[in-house]
Amino acid sequence: MVFRKLPGVSASGMGLRLSQKFVFLLFLSGLVTLCFGALFFLPDSVRLKRIFLSKTETQPVTVGSGSENDAREHMKRPKEQGMTPAKGESSTKLKSLIRKPSVSHEATEERLASGKAQEDLTLLRLITESASVKASSSDHPDTFSYNKFKGCLLKPPLGRDGGQTSDPTTNERREKVKEMMKFAWDNYKRYAWGKNELRPLTKNGHIGNMFGGLRGASIIDSLDTLYIMGLMEEYNDAKEWVQTSLDLNSNGEASLFEVNIRYVGGLLSAYYLTGEEFYKKKVVELGEKLLPAFNTPTGIPRGVINLGSSGTSWSWGWASAGSSILAEFGTLHLEFVHLSELSRNPIYTEKVMNIRKVLNKIEKPHGLYPNFLSPVSGNWVQHHVSIGGLGDSFYEYLIKSYLMSDKSDDDAKKMYYGALEAIEANLVQKSPGGLTYMAEWRGGILDHKMGHLACFSGGMIGIGADDGEPEKRQHYLDLAAEITHTCHESYTRSATKLGPEAFRFDSGGEATATRLNDRYYILRPEVIESYMYMWRLTHDPKYREWGWEAVQALEQHCRVESGFSGIRDVYTLTASHDNMQQSFFLSETLKYLYLLFSDDDLLSLEDWVFNTEAHPLPIIRRSCLEDPAPQDKTVSE
């Protein structure tokens, strides 16, 4: 026993003076308290910690080794038997990345198990030192400075005057969009509060099953829209709900893609716009729950993730051979980089950079990126290429990653322009009527179809034009304008002046849906998104006129008594509504319209990029953020 080694203590422990007994008991109680407390600083794998704390540990998160695309077309949860589970993958708790303690985990376990007296004292000293190191490294665990971040912005987020323009007509149109947002929000609050989306015809809420039990998708998606529109009473209601009612402890199967772009993106943008710390706490907590999806042989995440303690992941049942979808695993980069930025944990950036490494290693047919990739082998599963559903936002995030890095991410730039070159060579087509469009590619055979989702590409090519080769910059801007024009034509050639889900360029038709199941419109934003970008890049007034046409069409055909609803056929004036006010209508469609009719300094493109759900994320100016004494550039709102 250790007590035999204490001076003045006999082997039997008899004959102790009262003062010695008091000192001995004081020492013993302190030793027990310190050792038990040190359990909380041991790694989770240590045997003693598992014994004492297994019942009360927080939910584990698995760390793997390593869209608004057709994910929106196939929002329905696949049947369990149609999914491919991640077999043989165990959950482990995510560790904070701190300096390694001076004693290894294995040595600690051996010493704890040995029971030798002298080693007990040595272990006590080592544990105490290790705990001190951890405590000192955690004195300031969150070193992200919101004030420093704001000082790095070039312009106030809300502009000089809230984005109000000098043109009365434009301001009237902007106020109309704001009224539409308030109408949509008020009805959501009245009939569907806390649910994911509003069913305006039946006046009730819709939960759905693609968010894994998370609630309030319309609230999270609306935070930044309400804030930039100055609807502060509505914003404060949303803020209070997030603070008090957003429960992240769900145990359902969620779309990694949809949770990331809506919930993670929405909470990130709310934090960056307001500085409210609880947004940051919530988003980092949610980010940890997404990490198990990366636990695959390649590190390519699966599409479906259980947000609960199991940490299991699946591939969508409809995806060929258990593959992952390009637009889903390729639409994580912006949000995950910012998760690392806020948490100071590099694991999020490491996960998405590994995706790049896998993609750069494998051969691309004709330089193209097919839509299906095996997360097990890292090989393409099918040679189907689309700039619309299944592929779209992968390309968007390449150019936006470059822009968000303050144009320092050369790898993203190289990948984007290489992909764009291959797209132009293989997919971009000109119709007999002179319309430029992007066909789909199936193993070398073109399908002359363009989806509404692909209409984001006008804006994407536009924002990337200035950073291409000098001799191609005007060409890219012209290409962006041509594609945006084609997408506008898909609107003007319908009876409702709203565009179909997909339109074709064959059988004598151009920019029209020739199949019944392509004729619907579900309040999608992509065409209006390109109007907004092209307005800011060119200031051609036609883009604002086209946006106003869309406002009038939405008011006439999609506005119902208790909200906005999609319609089933854009080619008939006899409206047949789908009874769904999509959360992305609040986050994207109305936000892009509002920005279209606002001054360019409202969420200036010099400071912000928009994720694929239109949530603004700031450009990371590393040189400014890491400057120990930056100049005071306080930006007022």
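Even glycines carry a Cβ here, placed using N, Cα and C.
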Checklist outcome for this item: If you consult TrEMBL, the disulfide counterpart of Cys487 among Cys455, Cys558 turns out to be Cys455
Checklist outcome for this item: Using a 10 Å radius on the Cβ of Cys455 (disulfide bond), the other Cβ atoms enclosed count 31
Checklist entry - Of the recorded positions Asp392, Glu501, Thr612, which sits closest to Glu258 (active site, proton donor) by Cα distance? => result Thr612
Item to check | Sparsest-packed of the listed active-site residues (Glu258, Asp392, Glu501) - C-beta count within 10 angstroms | outcome: Glu501
Checklist entry - Which of the recorded positions Asp392, Glu501, Glu526, Thr612 has its Cα nearest to the Cα of Cys455 (disulfide bond)? => result Glu526
Item to check | Close recorded positions near Cys487 (disulfide bond), where close means Cα within 10 Å, chosen from Asp392, Glu501, Glu526, Thr612 | outcome: Glu526
Item to check | Cα-to-Cα gap, Asp392 (active site) vs Glu526 (active site), nearest whole Å | outcome: 11
Checklist entry - If one measures from the C-alpha of Glu501 (active site, proton donor) to the C-alpha of Glu526 (active site), what distance in angstrom results, rounded to a whole number? => result 11
